[in-house]
Structures are given as structure tokens and as C-alpha cells.
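Below you'll find the structure, written out as C-alpha cells, and then a few comments.
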Amino acid sequence: MESEQLFHRGYYRNSYNSITSASSDEELLDGAGVIMDFQTSEDDNLLDGDASIGTHYTMTNGGNINSSTHLLDLLDEPIPGVGTYDDFHTIDWVREKCKDRERHRRINSKKKESAWEMTKSLYDAWSGWLVVTLTGLASGALAGLIDIAADWMTDLKEGICLSALWFNHEQCCWGSNETTFEERDKCPQWKTWAELIIGQAEGPGSYIMNYIMYIFWALSFAFLAVSLVKVFAPYACGSGIPEIKTILSGFIIRGYLGKWTLMIKTITLVLAVASGLSLGKEGPLVHVACCCGNIFSYLFPKYSTNEAKKREVLSAASAAGVSVAFGAPIGGVLFSLEEVSYYFPLKTLWRSFFAALVAAFVLRSINPFGNSRLVLFYVEYHTPWYLFELLPFILLGVFGGLWGAFFIRANIAWCRRRKSTKFGKYPVLEVIIVAAITAVIAFPNPYTRLNTSELIKELFTDCGPLESSSLCDYRNDMNASKIVDDIPDRPAGTGVYSAIWQLCLALIFKIIMTVFTFGIKVPSGLFIPSMAIGAIAGRIVGIAVEQLAYYHHDWFIFKEWCEVGADCITPGLYAMVGAAACLGGVTRMTVSLVVIVFELTGGLEYIVPLMAAVMTSKWVGDAFGREGIYEAHIRLNGYPFLDAKEEFTHTTLAADVMRPRRSDPPLAVLTQDNMTVEDIENLINETSYNGFPVIMSKESQRLVGFALRRDLTIAIESARKKQEGIVGSSRVCFAQHTPSLPAESPRPLKLRSILDMSPFTVTDHTPMEIVVDIFRKLGLRQCLVTHNGIVLGIITKKNILEHLEQLKQHVEPLAPPWHYNKKRYPPSYGPDGKPRPRLNNVQLKPIAEEREETEEEVHLLNSTTL
């Protein structure tokens with residue numbers, strides 16, 4: 001019954017914010033370290049007052065839940081600013097949903113009054129589809145622009161097209177009649193820097209000049225990217241997915257999805273990719289799409305004034321981002337559902353699908369790669385896989401899990417060191433050093449010199465008669481007139497063995513540089529580097545299995561499938577499976593990852609190998625730690641994120657986690673109608689608490705509600721400006737009816753409209769497993785802890801995060817002294833049957849003589865707060 005009553009309240013809820021305002025991520029919570037930076041601040045010092053008399057159930061309403069009082073009935077006019085949120089604070093999901101339901105009821109009640117009201121109702125109903133359509137259009141267009149610009153600037157490091165400066169290398173040679181099949185990338189229109197500067201196309205001098213120009217352009221692009229990020233949009237750095245996950249869970253980071261961040265991220269993403277750093281553009285495209293969704297949501301009041309509804313748009317935008325990143329609309333929807341979204345109702349699923357569809361359609365129309373595909377490395381295989389191949393596929397999954405566990409630990413350790421040393425104070429220098437090392441080492445190896453997406457394309461591609469890559473340098477022992485789809489397994493030539501050594505060096509290079517690159521102050525995605533590492537390992541394993549099957553086709557595992565002259569092993573398929581395994585090991589994605597890779601290949605036949613590899617990588621990775629890279633970075637940056645996938649298996653109670661502790665300062669409360677404006681202003685000025693409970697009186701202590709510090713300040717300032725007669729001695733009234741006052745008294749100030757009259761409460765014996773579930777599923781920011789009607793303390797989101805971190809570090813949280821008594825908390829009434837006086841703090845006095853448990857003495861500390 002009570003759970004039903006919670007959702008049928010006729011008023012809005014206001015509650016305090018669960019994270020102290022901070023100017024940087026580091027000031028919020030160093031969750032990744034052994035020492036947690038949880039200082040006593042607003043959230044820890046919020047409550048002091050008794051709840052309604054009587055025993056509470058596990059979850060109750062502290063206000064009059066049967067009241068028909070409505071917020072709009074209590075306000076003569078809305079107070080600007082009340083109900084909004086500060087930066088680095090968490091939204092109140094329940095209040096936002098109530099606000100949206102009330103808006104919907106108001107529109108429906110008026111739509112039959114006139115044609116204009118009906119038009120407004122239709123506009124409101126279709127605004128959700130309009131905003132996701134605009135988001136999809138903008139995401140697809142920006143993704144196409146980024147792809148085209150990145151390809152052109154990447155080729156700019158090697159040379160330039162004299163006939164058309166805006167053409168990349170491939171486009172420059174499209175119209176040439178002098179291109180040969182063996183050297184299809186060479187044409188007179190394309191000039192290398194050595195040809196332009198020293199007039200030499202071959203020789204040591206040409207190689208050195210091209211080497212120098214390659215390093216020069218790489219450093220120039222990297223320096224420009226990090227400078228733009230540092231000066232104009234610091235939030236444009238990194239992948240953006242950890243912050244998107246945190247924002248979708250209800251946290252507010254002002255400016256992270258703003259127009260400046262969108263503009264700078266789009267420009268610097270092109271520069272970062274073109275610089276040759278070991279990063280990708282696919283992850284940041286999710287951030288770019290969410291910026292588009294956030295900007296367009298301000299065009300529609302339905303979303304601009306409601307933070308919870310806005311997050312529905314952001315969920316759809318993240319699906320559109322993955323859709324254009326991989327050309328996988330369905331995979332984008334599943335990625336949004338599985339990986340980033342915190343609240344994902346059915347209508348958001350439909351709108352996410354539509355946004356992904358629109359974005360993919362726009363990108364397909366732009367055709368940035370000239371292959372009529374949405375991604376550069378789209379492939380199709382025609383050879384089936386065989387049962388014995390499950391063993392190497394599972395081994396690739398093991399490699400992916402080990403790589404993921406290693407990368408997460410190494411990258412987090414390096415990022416933590418960056419935060420704690422002077423090196424982190426010079427982000428420009430760090431980017432320049434990483435870019436210089438990358439360029440110097442990458443140029444001599446043709447596989448590291450390639451753009452990472454082009455490398456993945458070459459590794460995925462199956463060898464046919466038209467392939468001239470060294471990976472396809474096989475000895476042809478049979479008639480070369482065989483059709484493309486039926487080329488038998490052949491012995492490897494010298495080019496293949498040379499390519500394997502180069503790929504081994506490229507694998508080591510990518511592993512090391514990706515650890516140091518992810519997290520630097522430029523836009524940096526992790527999808528493409530992880531896929532490249534897996535593709536390299538997979539291609540090497542594929543070639544090894546192929547040669548093993550060719551030379552030992554009479555072994556029992558090959559005998560049934562791999563006869564002489566048969567085409568039974570596809571090395572490109574192993575590269576694709578390895579790429580999925582490594583990406584799964586780093587991100588711990590499963591379903592969405594399999595669907596994304598399936599959409600890349602366009603074949604249902606290879607779903608089983610992908611599933612086997614991805615699940616194996618997840619199991620192996622989970623054996624070393626259940627966190628993916630994004631959750632690890634969320635914890636490192638201290639964002640208040642409760643992961644729904646994390647299980648709480650401990651036996652602690654709410655009393656073990658609540659604040660205040662015995663050593664904490666006493667907490668302040670407000671009374672319903674006994675305080676003046678000056679009293680409240682003094683309390684706000686003298687304390688840093690983010691909210692205050694409101695009780696009926698010092699004698700009754702019945703809980704009336706909860707008032708936010710921000711709302712109190714705004715309401716009092718507004719009343720002083722707009723209402724005559726409001727002075728410092730004016731009585732503040734939180735009750736529905738103003739009490740009788742002397743005739744000479746100044747005008748009272750009614751503030752019931754800003755009061756949260758139903759703060760969530762739990763008893764002190766409530767298991768923390770239930771409390772954590774309440775916070776996750778209802779999106780709470782705080783919960784009051786009571787015993788027999790007495791408010792003992794409060795649990796905030798930050799307290800839960802602190803508690804979970806303590807449990808991870810195997811440190812048992814300290815229980816309050818009375819936790820160990822047989823009767824843990826004092827009764828609400830004294831031996832004389834009257835309510836005990838209640839001021840600020842509860843303290844047990846040691847019992848000097850034997851008494852009945854019901855006569856335990858409770859001494860209340862005197863305070864001048866009230």
C-alpha cells in the first residue's frame with residue numbers, strides 16, 4: 001500500500017543534492033584510490049529532527065501522504081529558480097517525473113478548450129520525435145564531416161594532391177589513367193613531401209624527408225588539438241562515455257554537453273585522429289551526438305525544463321552516435337541500453353531506434369568512404385566456419401580478456417599517477433611527448449603508419465586474386481583462374497612471414513601506446529585501438545591455423561573439413577573475432593558488441609564464434625575485476641554513479657552507513673512556524689548544510705518535510721523583492737494555514753510551496769542491500785533513517801559510494817556506539833509518557849544501576865540552533 005501511495009502524491013518533491021558543489025572532478029571523490037576524500041560537508045550534515053511518532057516500515061512517507069494539497073495551489077506565482085539544480089549535483093528523479101506527469105495532465109485538460117490548445121497538445125506529443133530526428137540528422141552530418149576531414153588530414157602527413165588539394169590519396173588517384181594494378185596508390189597527381197621539397201621520389205634522402213614531414217605534421221596536429229581543448233573547451237578531451245554514463249544516471253555537469261564542447265570536440269577529434277595517436281573517433285562520436293541531443297532539447301520546453309526527460313533524449317542520442325560510428329543502428333540501440341543508459345523506458349527504445357535510423361541514413365547519403373558503406377572496414381565472408389575452429393576462437397577470447405584486464409589496471413594506474421604528480425599539470429607537454437614517440441616509432445612499420453581504421457580493414461579483408469597486400473603473398477600452386485570465393489588454402493610466401501613479424505611489432509607498439517594515450521587531454525576513443533589489437537592477434541592466429549591445416553590436413557581435426565585444395569580457413573574471420581574479443585575484454589560489453597560486429601560483416605553465420613569469443617573474454621576479464629574501463633574511469637574521477645550491474649552481497653544495515661556519526665557536528669532543523677526570516681538566514685550563513693528537515697515544534701518533533709538550502713535562499717530573496725512587509729522578524733510558516741499572530745507582527749512568509757513533504761525514510765534495521773536497491777531504482781539522492789519515529793540520521797548517495805569503497809578495500813565501516821547495545825536506540829517518549837524534548841543530537845548516558853530496558857535514559861545535548 002505504501003509503495004502505491006508514494007507514486008500517487010499530489011505534490012512535487014524537493015530534496016537536497018547529494019554531492020557537494022566542486023570546481024573539478026578531482027574534488028568530488030577519489031574513488032579509485034585507497035584513501036577516500038569524503039569530507040564532512042553539505043550532504044553529511046543535513047538532518048536533525050524527529051519523524052512522525054510511531055513505528056515506521058522499511059520505506060515510508062514522512063509527510064501526510066493522503067493530503068490533497070497541490071504545489072500549484074500553494075503558489076500565487078512560481079518562484080524563478082526553485083526546483084533547479086546546481087552544477088555537480090544530482091537530479092531528483094521522482095520529483096522530475098511528478099513534474100512531467102503534472103505538465104501532461106495540464107495539457108490534456110486544456111486540449112479540448114480550443115483549436116490552439118489542441119495544436120499545442122499535438123506539438124507536445126510529437127516533440128519527442130522531432131528532437132530525436134534533429135539529433136539523428138546532426139549526428140549523421142557531423143560524423144560524415146569528421147570522417148572526410150580525418151581521412152584527408154591523415155593523408156596530408158604523407159603528401160598532397162596537386163590537381164585538387166581537398167582530395168585525399170585515394171580520391172586523387174581515382175581519375176588517373178596511369179595507375180597500375182600492382183601500384184594502385186601511385187599516380188602523377190599525388191606528390192609526396194619528398195618529391196615536392198627535394199624532388200626525389202626514391203632513395204634515402206626521400207625516406208628521411210618523408211619521415212621528418214610525417215613527424216612534423218603529427219606534432220602540429222596534436223599541438224593544435226590539445227591547445228584548442230585547453231583554451232576553449234576542457235570538457236572536449238577524452239572519450240566522453242564515462243561522463244555520459246554519469247550524466248544519464250542523473251548527475252549534472254554544466255557545459256559538458258554544450259555548444260562550445262560540441263564545436264571544439266568536432267574539430268579536435270579530426271586533428272587527434274590525423275595526428276596518428278593510438279586512439280579512435282568512434283567513442284567521442286557518442287559524446288558529439290549527445291551534445292547535439294542536449295542542444296536540440298532546449299528548443300522544446302518539454303525537455304528543456306525537465307532533467308529526467310532530457311536524459312531520454314540523451315539515451316537516444318548515444319544510440320545515434322554508435323550508429324554512425326560503426327554503421328550499426330541496431331547495435332547502437334543495444335549499446336545505449338546495455339552500456340550507458342540508467343533509465344530506459346519503452347518509448348525511449350523506439351526513439352533511440354529512430355534516431356539511429358536517421359543518423360545512419362544521413363551518413364549513408366554522404367558516403368564519406370566512397371564504398372557505399374557506413375564504415376571503412378565493412379567486410380563480407382563467404383566461407384563457413386567449422387567446429388574445430390571454436391578452440392582458436394576461444395583462445396582469442398582468453399587473449400581479449402587478459403588484454404582487457406591488463407589495460408584497465410595499467411591505464412588506471414597511469415591516470416592516477418598523472419593526477420597525483422606534476423606531470424598532470426602540463427597536459428600540452430604530455431600530448432606532444434606521446435605524439436612524438438608515436439610518430440617516431442610508427443613511421444618505419446607500414447602497419448603502424450596506416451590509419452588505424454585502414455589497418456583494421458586490411459586485417460579483416462579476405463585474400464582474393466585482386467589483393468596485392470603482403471598479407472596475401474601466398475605461393476600459387478594451382479590454376480589462378482579460380483573464382484574469388486573459392487580460392488583454396490595455399491602455402492604462405494615470404495611476404496606473409498615478413499608481414500607477421502611486422503604485425504607482431506605493431507601489436508606490441510599498439511598495446512604500450514594505447515595505455516599511455518587513453519586519457520590524455522585530446523578527444524580519444526578506445527574502440528578502434530582495442531579492435532586493432534585484437535585484429536592483429538586474430539590475423540596472426542588465423543594465418544597460423546591456416547598453415548597448420550594446409551601442411552597437416554591429414555590430422556583428425558582437419559581431415560573431415562580441410563581436404564587438399566579446399567578453402568576451409570579464413571584468416572580475416574579470426575581478425576574480426578579477435579577484434580570483438582579485445583573490445584569486449586576492455587568494455588565488458590556482450591550483446592551490443594556481438595550485434596555491432598555482426599552488422600559490420602552482414603552475415604548471421606558468424607554469430608556463434610563471436611558470442612563464444614566475447615563471452616570468454618568477459619569471463620576471463622571478470623576473473624581479474626568486474627569493472628570495465630568506463631566504470632573504472634568513473635570511479636577514478638569520483639563521479640557519483642551507482643552501477644546497476646554491481647551486486648551488493650554484504651550484511652550491513654542502514655545504521656552502519658548513516659550520518660551523522662558521534663564525532664560529527666550536531667545537525668540543524670527548522671520548525672514549522674516558530675522561526676523568523678532572520679533565524680533561517682543566520683542558520684544558512686553559519687552552516688554549509690545543503691538542506692534542513694522541518695519539524696512541527698520542539699515538543700512534538702513530528703516530521704513535516706524537508707527544505708533545500710538553495711530553495712530557501714531563492715524563496716527568501718524573491719519574497720524580499722516582490723512582497724511588501726517581509727522583514728527579518730517576519731515569521732516563516734511551512735504549515736498549510738498561517739497561525740494567529742499579534743496585530744503588530746510583520747507579514748508572515750509562507751514557504752510551504754518549497755517543502756518536500758514526503759522524504760523517503762527507512763528504519764535503522766533496514767539491510768543496506770534494500771537501501772542500495774531503492775537508490776538505484778528510484779534515483780534517490782538521500783534517505784532518512786528513523787527508529788520509532790526519531791530521525792537518527794541520513795544516507796546519501798555519497799555515503800553509499802563511500803561504504804561500497806570501504807567494503808572493496810576490506811575495511812569494515814565503524815558503527816555508532818549504540819549499535820552494540822542490546823537496545824540500540826531510545827524510545828520517543830520518556831518514562832512520564834510525554835514526548836522527550838528534542839534539539840540537535842541524541843546521546844546515550846551510561847546506566848549506573850540495573851533498570852528495565854524501557855527506562856533507559858536519554859540525555860539530549862542543549863543547542864541554541866532553534
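Each residue, glycine too, has its Cβ placed from N, Cα and C.
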313-337, 338-362 - the range that TrEMBL marks as transmembrane segment: 313-337
Who are the long-range neighbours of the transmembrane segment (126-150) in its own chain, taking Cβ under 8 Å and residues 6 or more past its ends? 266, 269-270, 273-274, 281, 285, 288-289, 292-293, 296-297, 299-300, 302-303, 312-313, 316-317, 320-321, 323-325, 347, 351-352, 354-363, 365-366, 368-369, 376, 451
The transmembrane segment (386-408) and the transmembrane segment (532-553): do they have three or more Cβ pairs under 8 Å, with pairs 6 or more apart in sequence? yes
For the domain 'CBS' (755-814), the DSSP residue counts stand at 23 helix, 19 strand, 18 coil
